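Per TrEMBL, the features are:
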DOMAIN    37-429  domain 'Amino acid transporter transmembrane'
TRANSMEM  73-95  transmembrane segment
TRANSMEM  132-154  transmembrane segment
TRANSMEM  166-183  transmembrane segment
TRANSMEM  188-205  transmembrane segment
TRANSMEM  225-248  transmembrane segment
TRANSMEM  260-284  transmembrane segment
TRANSMEM  307-330  transmembrane segment
TRANSMEM  350-367  transmembrane segment
TRANSMEM  373-393  transmembrane segment
TRANSMEM  414-438  transmembrane segment
Amino acid sequence: MASDKVVETVIAGNYVEMETEGKPKDVKSRLSNLLWHGGSVYDAWFSCASNQVAQVLLTLPYSFSQLGMLSGILFQLFYGLLGSWTAYLISILYVEYRTRKEREKVNFRNHVIQWFEVLDGLLGKHWRNVGLAFNCTFLLFGSVIQLIACASNIYYINDNLDKRTWTYIFGACCATTVFIPSFHNYRIWSFLGLLMTTYTAWYLTVASLLHGQMEGVKHSGPTKLVLYFTGATNILYTFGGHAVTVEIMHAMWKPQKFKAIYLLATLYVLTLTLPSAAAVYWAFGDMLLNHSNAFALLPKSPFRDMAVILMLIHQFITFGFACTPLYFVWEKAIGMHECKSLCKRALVRLPVVIPIWFLAIIFPFFGPINSTVGSLLVSFTVYIIPALAHIFTFKSSSARQNAVEQPPKFVGRWVGSFIINSFVVVWVLVVGFGFGGWASMVNFIHQIDTFGLFTKCYQCPPPLLPPMPPQHLNATAPSPLHHPHHGH
């Protein structure tokens, strides 16, 4: 307990990022604190929960159609636990790194600690480079997926424009996230974001139950290994939202309180993902195999439009969550991270948004892209690297004795955590990266063969009655390839 108290003083001593000190608090500053400055345990919980489940909510029924009901439920519970464990490891490594640095009198007042710096400080530059490469690529594609999801969703309200045009429009809207300085400032957004996903999840559940089962509905999953592992990797991706754990922790006033937050966030997220995915799959069965967005099958109604609009706003918030760490990396690379001027920092952040925009236009495959990113990037970024980093950081007995945070008793202290870490590495490497990577790449290439790159309107219904001029034609791939309802 005494060592815990030392840690408390070392960590939380004088750190309140971007706070104004010594100034009397007027109404304006109080309001600003309420909406803008969030560093409490609750803020971290809202950030974790709202960041974890966004557009993935709409693709989970598609995963259930690939996995079948039982596997779908079991994989969600299993990966939820696995994700919580690796988020716990990341938080332990962060506290270890930060305590060591602050004992050396390093001041993090205008500096946001990131995962690659934790790896660098604890394990050296090779670990840093690998961590940085995986993390940045994952967050880049995470942002791309949010953009694709925006276009995919708005199309169900307004199909006068094709999905590619909507991607252009939302790319410009999402670029405004450059003005949000850090996760500290997402207080009101993460709170609203969670309300939005909660509404959408329960809308999907209730609307599917009221709709009832389709006539002659079939629940044949799992039928093919490719589809089975694609579905499993989408769930791996769902619970791999903790690539931004370090940045969320850094925005807290007492980061060592983070330990159980991610698990509590995951438990709440499961109350949204399990009922909604199960209900939509129960109602529509195998039809979901050709509709990766659950909104596509539910009848148009004011409630559905409301859910679409709320998801759009939430995707904008999640885009900010995925992109903010990339902004930090870019600022550090060009030496602008310590700059006090918000406008200057916003300006230098803009080049980060451009490749994201471009990639969202090349690969508009909402659904399959989640599984591909899950297997090739999430598997390493938030499962394998944190587990290995924990093993290597506490390899020597002196490191274990001097650890700021000892592993909990119920997992079996150091031996138990070593066994769990080894299991995580082997399981995710073989099932997530190996089988999952193979399956999702096969599925992804199939989408490219079916629809072509730069496709104008992915999985859109064919134009009805008088065909509208080139709006629904595919400009870049030969038209015979463009069969939206081609089986997966």
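Placed from the backbone N, Cα and C atoms, the Cβ positions cover glycine too.
Automatic prediction, not curation, is the source of TrEMBL annotations.
Since we're looking at a predicted model, the values are computed, not measured.
The stretches the transmembrane segment (132-154) and the transmembrane segment (225-248) meet in space: the count of Cβ pairs below 8 angstroms, excluding pairs fewer than 6 apart in sequence, reaches at least three. 166-183 is the stretch from 73-95, 166-183, 225-248, 350-367 with the greatest number of Cβ pairs below 8 Å to the transmembrane segment (307-330).
By the Cβ criterion (distance under 8 Å, sequence gap of 6 or more), the transmembrane segment (260-284) is counted as touching the transmembrane segment (188-205), at least 3 such pairs being found. If you count C-beta pairs under 8 angstroms between the transmembrane segment (225-248) and each of 166-183, 188-205, 350-367, 373-393, 414-438, the highest count goes to 373-393. Distant neighbours of the transmembrane segment (166-183): 17-18, 47, 112, 143, 146-148, 150-151, 154-155, 244, 247-248, 250-251, 312, 316, 319-321, 323-324, 327-328, 342, 345-347, 349-350, 352-353, 356-357, 360-361, 364; these residues of the same chain sit at least 6 beyond its ends, with a Cβ under 8 Å from one of its Cβ atoms. The stretches the transmembrane segment (73-95) and the transmembrane segment (414-438) are in mutual contact, each linked to the other by at least three Cβ pairs under 8 Å (pairs 6 or more apart in sequence).
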